[in-house]
Amino acid sequence: MNLGALAGGGLGIGVLLLLSAWRARRPRLAERVAPYMRFRRGAQAAAGQVPGSRTVSAALLSQVGAAGRFFESIGSSEASVRRRLGRSGTTLTVEEVRLQQVLWAGAAMAVAAGGGLLLRSVRPVNLLAVAVLAVVAAGLGAAARDWWLSQTVSRRQAAIEAQLPDVVELLALVVGAGQGPVAAMERVVGLGQGALIDELALTLADVRAGSTLGAAIGRLDKRVGALSVTRLADAVSAALERGTPLAEVLRAQAADAREASRRHLIEEGGRREIAQMVPVVFLILPITVMFALFPGLLVLRLGL
């Protein structure tokens, strides 16, 4: 009897698990429409969230309004954060970045206050100085999160500029083979991967949603914000408007992008060369001079 009850219970649980797995595998309407729609950064992820969800993050996000106004007053405006979030390729929202700034500021304040109190247990320390240090550390922590966002944008733009010559050359080859620009973008997106490929996928989504190719490329330029992508977008838009052969334009842009990459590499090498002179001047050269002068100074000191 007990064995039969256990078998029936196990069978019922197995059927329920199979039904729940089948329901979970069914794509929702938003997921089926998503490849053909253009989403703002973070909007696609937000579309799958249940409204009014009671989570710790949601409760904290509702309390960061005052912190956001404070950060805007010290220079980290909402428009700047939103623009950099779009260029960084992240799915974070402005409110989540503000929350992270608050958390970074709180962590820096806690570390500074804890260090001050630990030092006070060893030797006398002014509590007012510890409080001022904690406040300064909080400001530096919030600024550090903003700086990290800017560094993320710079690294992504550098990766896009590094990929640009190869991607544009592939587009030129496909267009030169007789396919249209949209079909060429689809082929390159299907073959490649990386930050620039992700941006091209968003551009394809714009075109599929009904935008013209020139408008979609203009939005690509605004999303990336790199100078080489701006030149490419202007050249492609002009070619589409005037009827210029697109393959020749893309080949010229690929050559220009490679030349710009070569110039950047030479400039970077020059800056690294100057940085390499620092240990030579301040470490190796003084030791060399000391080895050269020490025997003579020793002889003079001994009076030989």
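Cβ from N, Cα, C; glycine included.
Remember, TrEMBL labels are computer predictions, not curated facts.
According to TrEMBL, the feature transmembrane segment maps to 6-22 (among others).
Here TrEMBL flags 102-119 (among others) as transmembrane segment. Long-range contacts of the transmembrane segment (102-119) within the same chain, counting only residues at least 6 positions beyond its ends with a Cβ under 8 Å from a Cβ of the stretch, are 64, 67, 125, 129-131, 133-142, 144-145.
The transmembrane segment feature in TrEMBL is assigned to 125-148 (among others).
Among the features that TrEMBL reports, domain 'Type II secretion system protein GspF' is placed at 169-292.
The transmembrane segment feature in TrEMBL is assigned to 280-300 (among others).
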Same-chain residues at least 6 beyond the ends of the transmembrane segment (125-148) with a Cβ under 8 Å from one of its Cβ atoms are 71, 74, 76, 81, 97, 100-102, 104-109, 111-113, 116-117, 119
The domain 'Type II secretion system protein GspF' (169-292): DSSP-derived helix, strand, coil residue counts: 108 helix, 0 strand, 16 coil
